[in-house]
């Protein structure tokens, strides 16, 4: 559930940070406070799930610099940037760097809660996609070399006879390999198998022509 994902509030202003943390906690969210971007980065927080709410202007590492560092580390966290009046250009720059949203101070309580919940929802969905991609990748790794070749041919939309010709095996043997692939991939249908393969990055050839 999105509510179980962590929310990290980063602001050097104690009053703002504590007030925002209290507001989010009161709405049922799990919140951790950080007095600076450096403190957040030094905390060793997992960067694959959750949401960050950070001020754009902070001493040391600014909100924009934090976004750049998160990108460099391959983070998958939604980032909401808080800006002061007149900081819209900074907010636009933050969005270009991957921020999920920005809110101008003073912000409405309902608006910040809605923004955080929306970001957590996206983070949860992304997490599910990453988990699914990882699981499919493991299944593909369990295929034999020939089974992997048959899988790639199926993704390219090739018929059994064409696969047999391309691989130099009989159509009956292709059927056996195809059944093995379906079983190992735990796919209930060919469309599901293709979707799983595409999710894992098994891309069809540019010149592939279904036959």
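Every residue gets a Cβ built from N, Cα and C, even glycine.
Feature annotation (Swiss-Prot): of 160-179, 180-199, the stretch labelled DNA-binding region is 160-179. Long-range contacts of the DNA-binding region (160-179) within the same chain: residues 146-147, 149-150, 153-154, 211, each at least 6 residues beyond the stretch ends and with a Cβ under 8 Å from a Cβ of the stretch.
Report note: the Mg(2+) site is defined by 11, 12, 55, 57, and the residues of the same chain whose CB lies within 8 Å of the CB centroid of those residues, excluding them, are 10, 13, 16, 17, 54, 56, 58, 63, 82.
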